[in-house]
Structure formats: C-alpha cells, structure tokens
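**Student:** I grabbed these lines from TrEMBL:
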- 1-14: compositional bias 'Polar residues' (COMPBIAS)
- 24-45: compositional bias 'Polar residues' (COMPBIAS)
- 46-77: compositional bias 'Low complexity' (COMPBIAS)
- 1-77: region 'Disordered' (REGION)
- 94-114: transmembrane segment (TRANSMEM)
- 175-194: transmembrane segment (TRANSMEM)
- 206-227: transmembrane segment (TRANSMEM)
- 233-257: transmembrane segment (TRANSMEM)
Amino acid sequence: MMFSQTKVAFARQNSSKRNRTPRSRTLTTGIMSATTEQQKQTSFDSAQGDGQPSSSASSSSQPQGQQEQQQPQTSQNAPAKLLQHFQTNRIDSALWALRLLVIFFTVSYVLPIFTSQQSSFNKVLLANAAISALRLHQRVPAFSFSREFLARLFAEDSCHYMMYSLIFFSIRPTLLVLIPIALYSVLHAASYSLKLLDLIGQNSWWGARFIISIVEFQAANILKATAFCEIFIMPYAIVLTFMAHAGLMTPIIYYHYLVMRYSSRRNPYPRTAFAELRITFEALAARSPPVIGKIIRGGIGFVSRLAPQPQPAPAQ
C-alpha cells in the first residue's frame, strides 16, 4: 500500500517536471528571439545612418544652403543699396566723390600722363575749396552780418582749408602744397568708404578693407605729418616770394592761416607739432656752438612771440 502511494507521488513529480521544462524552454526561446530582433534592428539603424544623413545633419546643412543663396542676392542688391544711400546722403556722397578726385589729381600731378601738372594742381585746390564749402554748409548756420557769425566761421577748420586753397591758387605748382590736402582726403575718404562697404556686406571687398584698416591705424601719424607740412610751407612761401614765384601777400596771409590752425579746437596736432619742433631745436641749440645756439634760440623766441596767446577759459 505504501509502495503504491510512493509510486504515485513519484509519477506526479515526473509529470510536473515535464510540464515545467517546455515553459522554461519557451521563455528562453522568446528571450533569444527578442535579442536577435534587437540586434537586427540595431544593424538596420546603423546601416540606415551610414547610407542617409541624420536629421541634425540635414538641419545643419540647411542654413549653409540658405547662406549660399543669400550671397548672390546680396551682391545683386548692392547697387540698389548704394544708389539709395547716395540719394539719401547727397552732401556726404558728394564730399566722398570730391575727395576721391583730390587723390586722383594728386597722383596725376606726380605722374602727369593725362593732364599737365599745372592743371592737376589747380584741380586739387578747386576740389579742396568745394569740399570746404560743403563742410561749412553743414556746420555753419545761415549767413548773417554779425560778429558772432564771423567768429564762428573763422573758427571752423573748413574755413581754414578754403583759405588755404585761395592762398596757393596763383603760385607756382609744388608738391609740398598738395600733401596736406591729399592726406586729409585719404583719411576721410577711407572712413566713408568703410561705411559703404559695410552697407554692401560684411565680407565684401576684403582687400579694400585691409587698406582702410591700415589708413585708420595710421590716422594719428597722418594728422601729425599734415601738421608738419603746414608748418614747413611757411618758410617755403617766403622763399617763393623772394624768387618771384608767389605774391608779396602770400606769406602774410599764410601766417594768419597758421595762427588759425594753431588755435583750432578740433585738431590739436598743429600745436603738438610746434611743441615738438621747439623741443628739437632747443636740444640742437644746446649741442651747437655758442654762436649758432644763440641764433637758434633767437629764432625760437621770434616764433614764440608770433604765436597766438592762449585765451582764458570762460567763467562758469
């Protein structure tokens, strides 16, 4: 009896083991098939990634295509932008064109291929006078017969440059007279040309931008060289008068021009140039023999007496 019960229990255990084994096999088979499907999906995704660009790559390439399309549009719109700018800013555009003419005729004076030196010299002075007149039109109000108007007129640098053109219009052509005008024109034309290049586009005409950057970097040296040229023209005008190549009033009028340049409110470089020349000649007088040193000190004192006296500041 007990043996039969034991045999029945043993048979039940074997049947339970047989029932469990297919289930475990089924689970194992399911896990393996899922893993295989994941590997296939991964390999398919990798193959798809190698064959086609991703969405991020396509989105990054899209702005590049837009930039390439915008560049031809910018180059096509550049003449229209320039024309609109010239129509809106007529006086500034005319000043820019006149300064380019000054540079061109100065080069023509140095290399007289198309015109004579006398013609180029007169055209530079006429263009400078036109520039000064336009600048006075911008800075000085309407004309009036009053002392305040005349004081303001003669205090403007543009009035000084117009006087400069009138002084040397009838003398013998010389390059020293044209150097200050040409340097001022180069400096101002470069700054306005940079504005026009920015109007066209940020990356346009990189060669011209490089030249303009050099001019702006040397702006202080250009202004200083202009001031020294204006000072050295004074003894040259005296020599021209004695050689009958200039009128008797030329040195006298030019002296008043130098006085106004020395008193300029906008340009301190003439005063700086006079101060540097005085320091240089005083050092030269200290190293020279007594007789020559006395002559140099006498010239320094004479020029110092001719200099305008500093005006006291207005009371507040």
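Every residue gets a Cβ built from N, Cα and C, even glycine.
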**Student:** What stretch of 94-114, 175-194, 233-257 shows the most Cβ pairs under 8 Å to the transmembrane segment (206-227)?
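**Tutor:** When the Cβ pairs under 8 Å are tallied, 175-194 comes out ahead.
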**Student:** Given a Cβ distance threshold of under 8 angstroms, which distant residues of the chain, six or more beyond its ends, lie next to the transmembrane segment (175-194)?
**Tutor:** 92, 95-96, 99-100, 102-103, 106, 109-110, 121, 124-125, 128, 131, 161, 164-165, 168, 208-209, 211-212, 215-216, 219, 222-223, 225-226, 229-230, 232-233, 236
